[in-house]
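S.K.: For reference, TrEMBL lists these features for the protein:
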type     : residues  : note
TRANSMEM : B:55-77   : transmembrane segment
TRANSMEM : B:98-115  : transmembrane segment
TRANSMEM : B:121-140 : transmembrane segment
TRANSMEM : B:152-170 : transmembrane segment
TRANSMEM : B:182-202 : transmembrane segment
């Protein structure tokens, strides 16, 4: 994901 | 993955375990807001849209499935289980939670990082989660006596997002992550809404007395 996003979080 | 986020996820998972424990062992959902549980199902459905399109890790996928499964299961229990549904405090769970959904949709359409479906729905899920606890907190204020498991559930649910804020600070400092207004502000608002509850919960715990919120 782009550096700024937190999509890798729950 | 950093310690704060892992602790946050474990605390979140524990809150759900405590709630399921209460519902399954006591066969009662008295004092639990069905509206908050329904809002959480919407939060997870709109946040985990990338469940089958994006793979981050086994942990990430597994936890998404657990959160989706348990939140839907809890709503099912409270709505359809023949014994549990009788214990639902229907006439006290009166918060107009549809407004929370509407407001979050409008806000997500106005303020987001990118105008694409995934990002807008993800942003919506952050805004909705920030206010999802309101029906539950209102219900607690109406409940004369709050049972221990319900108090523990709400405390753990509030604590998890506070840990996530520490995780964002860590990622900002250590992973030179850019500052992200939307998750930060949503998380701060969410945690702030628990402030009042945290105060009374910790006080009742220190004084070894029953948890009671002022009406």
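Placed from the backbone N, Cα and C atoms, the Cβ positions cover glycine too.
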S.K.: Output the single range from B:55-77, B:98-115, B:121-140, B:182-202 maximising the number of Cβ pairs under 8 Å to the transmembrane segment (B:152-170).
M.R.: B:182-202
S.K.: The transmembrane segment (B:98-115): which same-chain residues, six or more beyond its ends, come within Cβ distance under 8 Å?
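M.R.: Result: 39, 42, 121, 123-124, 127-128, 131-132, 134, 180, 182.
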